[in-house]
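Below is one structure, written out as structure tokens; the observations come after it.
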Amino acid sequence: MSYAKELLVAQLAVQRAARLTKQVFADSAKGTVSKSDASPVTIGDFGAQALIIAALKKNFPDDEIVAEEEAAKLREDDSLAEHVWNLVKGTRLDDEKAEKEVLGGSVQSKDEMLDLIDKGDSKGGRSGRIWAIDPIDGTKGFLRGGQYAVCLGLMVDGDVKVGVLGCPNLPVDDAAELSADIGNGEGRGVIFSAVQGEGATSRPLTTGALEEGKRIGMKKITDLSAASFCESVEAGHSNQGDAAQIAQKLGITRPSVRMDSQAKYGSIARGAGDIYLRLPVSKTYQEKIWDHAAGDLIVREAGGQVTDVLGRRLDFGHGRTLAENKGVIAAPAAVHDQVLKVVQEVLSV
Ligand SMILES: Nc1ncnc2c1ncn2[C@@H]1O[C@H](COP(=O)(O)O)[C@@H](OP(=O)(O)O)[C@H]1O
Ligand SMILES: [Mg+2]
Ligand SMILES: [Mg+2]
Ligand SMILES: [Mg+2]
């Protein structure tokens with residue numbers, strides 16, 4: 001199997017980071033601060049990013065990393081940094097051997113943690129090995145008590161080769177009904193993974209990475225009117241009015257399931273939902289590569305097709321953003337063209 005070591009490290013790194021985010025999710029104080037674009041970041045985002053980068057630097061010291069967060073806010077506020085440091089030093093896998101031998105054990109000091117967080121500052125691009133990290137995707141969902149995902153992808157020369165999504169609040173059961181609810185938390189926590197050319201799998205977030213995942217696949221739909229749509233919860237992230245018109249034109253009567261984060265990609269990849277639409281809300285917003293790299297590969301390896309609203313494949317080689325794409329349409333390969341056509345009619349593109 002290709003990229004076996006990368007996959008193992010990525011799965012374990014996501015699993016460990018998700019232990020940290022789950023702890024923050026359960027705590028009432030999430031240490032939220034506002035970023036320059038007014039979006040939120042929490043101690044969970046910082047801590048998870050530090051742990052993932054520590055594991056990547058130990059195993060692949062020469063690889064570049066594009067990660068969402070930076071340590072500046074923590075360097076300005078020592079009590080916030082201390083809070084994150086307590087989480088980081090207290091989080092390890094149960095499997096001691098995997099923790100030490102694969103992930104490289106704990107981070108040594110608060111300063112090392114801050115430096116690690118800042119190692120995610122690569123400009124990205126089309127050459128070499130570059131990891132994309134979203135330590136908590138769907139931070140707003142995370143704060144609301146909804147879905148969120150810990151996301152990691154490896155790109156080689158601009159192409160996503162390995163994708164891992166840890167979704168602590170999705171059901172383990174691939175056959176569970178599509179819903180954004182998190183219930184009482186029982187039976188929850190799943191990792192979706194894919195390696196290019198080798199299919200996509202899911203397995204419980206809590207078991208060791210040595211356990212084989214189960215193959216997942218998109219649902220085979222012939223009648224689009226019976227399809228279910230997945231969309232963002234946040235109206236500011238995707239145009240919900242346009243999506244409603246598209247659904248209507250396709251004859252879809254079921255209401256969209258609104259779910260935060262790349263949990264949407266994972267959900268359609270395992271056939272719990274059918275179509276994920278992310279429709280541009282502004283002319284200027286550029287999607288970030290860490291919001292899509294893992295999900296794009298997982299859906300394509302599960303039998304789906306992912307393009308932007310102009311029908312172009314997502315291009316991860318343009319730096320930290322998907323500068324040459326607008327919006328996202330992810331659907332089973334057999335019906336993607338049909339969906340794209342209606343999207344273009346409604347958006348007049
Ligand atoms: N105006 C906008 N349009 C599209 N996506 C946006 C956006 N503003 C923020 N986002 C992104 O939407 C992501 C969440 O996606 P979703 O809406 O599917 O839950 C955020 O990830 P983070 O939560 O990691 O910051 C953020 O990067
Ligand atoms: Mg964010
Ligand atoms: Mg994100
Ligand atoms: Mg994030």
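The backbone N, Cα and C atoms fix where each Cβ goes, and this holds for glycine too.
Remember, TrEMBL labels are computer predictions, not curated facts.
Note that this is a predicted model, so its numbers are computed, not measured.
TrEMBL lists Glu68, Asp134, Ile136, Asp137 as Mg(2+)-binding residues, and of the candidates Asp291, Asp296, Asp308, Asp315 the one it assigns to that same site is Asp291. Reduced to three states, the DSSP call for Glu68 (Mg(2+) binding site) is coil. Around the Cβ of Ile136 (Mg(2+) binding site), the number of neighbouring Cβ atoms within 10 Å comes to 31. Checking the binding-site residues Asp134, Ile136, Asp137, Asp291 against ligand 3 with a 6 Å cutoff on the Cβ atom leaves Asp134, Asp137, Asp291, in sequence order. The secondary structure of Asp291 (Mg(2+) binding site), as reduced to three states from DSSP, is helical. Asp134 (Mg(2+) binding site) carries a strand DSSP state (E or B). Neighbour density for Asp134 (Mg(2+) binding site): within 10 A of its CB lie 32 other CB atoms from the protein chains shown. For ligand 4, the binding-site residues lying close by, meaning a CB under 6 A from one of its atoms, are Glu68, Asp134, Ile136, Asp137; the full candidate list was Glu68, Asp134, Ile136, Asp137, Asp291.
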